[in-house]
């Protein structure tokens, strides 16, 4: 069974050994159709503003909310108590079954208020350390699972019985489709890490997956071959990392690959401790095969040679094997590596296609300037706010000197130098150096990464596909502020680009 988050994360973060045991049993149940979400916070509740369910299991189209109680559970003079391993008793506010039921009703309220439609749901209790409780009018005996159910086969059978007993909808009620329910559960309970890609660190904040990200995560198990398209900042690489963990958690051998070396710093903290091989494309051993291959920035690898290599390293080959490609073929296809549109069309014909549309990195002003001048769609700027773009108009001369002046001013204003990048758009492809304490790098090196503050300079003298892609990459790296150093000639060229993009749209 698929676990969200993966088993390793649950093992590290679960509040009790009982939850860890249940997670291991769920994980051991065969099949990709079922999915279990651990320790999910429900944003509405009949009695509390926020409640937590230990597990929500989607099993054969039924959402089963499970409350897990380790140790002993007893009822004395109408009051419920749990007993820990030391024998100490702790009073419970309500019975375990009542806790599960109220969480179940909260879940139904959340999703039905979101216009999902009616879906079957049940509440269950798991007490892995106790015998089954005596029969009671408060619950069905099939819905309280005790230590005799603590094998994966017995647990699967118990879930079958619970699902079969689920209520059916009244006539005339709009029903939720199972695939839609699955996607909405992924959206409600999947947490996407916020990444400091510049330093290769996972920040503490966790964002809910966007609707599109959740749809991709929900569809992974159902599809052997997937293409995920999206502009800069739509979170493709984050979804790839979550997908890789899901594949590894299922026991498959997993390769994550890419052309840009800088992406290693992005993926390493996300995949650390998981059984995932992380290799630059040029480092792949052609003699080794993997159950599943995930390719980031796949537009850099849209050539016959690259696809021939993929054909060799994925079991079953490209046409019948299991792979996931994440790419931006419209705006970043000419920065690093050859791009053949016919190869993209051929490869895409074998895959299910998803699209990410919501920008989760750039500020509104950055999204708007990219759309205005380049006519490029990098998603709805509905998540990240921030300052307006700062234009520094200069006379002809050394653009880098002017960019360094801006960087020094930012530093004087309290911004750490490590948070500032300078990206000359027309730079040599391999440029990545320190100048006066600031990192100066080319669009090729910066692609796939991000920084808090970006200063773009040295705009192209003419704009063909390669120059447009380089400018696109440069201006979409910033997470907080974007500064553009430009001449009056640059301004006229950008205005011309804006008119052309408007005409194209």
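Glycine too: its Cβ is placed from the backbone N, Cα and C atoms.
All TrEMBL annotations are machine predictions without curation.
Owing to the predicted nature of the structure, the values given are computational and were not obtained by experimental measurement.
According to TrEMBL, the protein carries these features:
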type: DOMAIN; residues: 16-113; note: domain 'NERD'
type: DOMAIN; residues: 440-485; note: domain 'UvrD-like helicase C-terminal'
(request) Run through the domain 'NERD' (16-113) and tell me, per DSSP, how many residues are helix, strand and coil. (result) 30 helix, 37 strand, 31 coil
(request) Across the whole of the domain 'NERD' (16-113), what does the mean pLDDT come to? Round it, please. (result) 82
(message) Just to be sure I understand, if DSSP states are collapsed into helix, strand and coil, how many residues of the domain 'UvrD-like helicase C-terminal' (440-485) fall in each?
(response) 15 helix, 17 strand, 14 coil
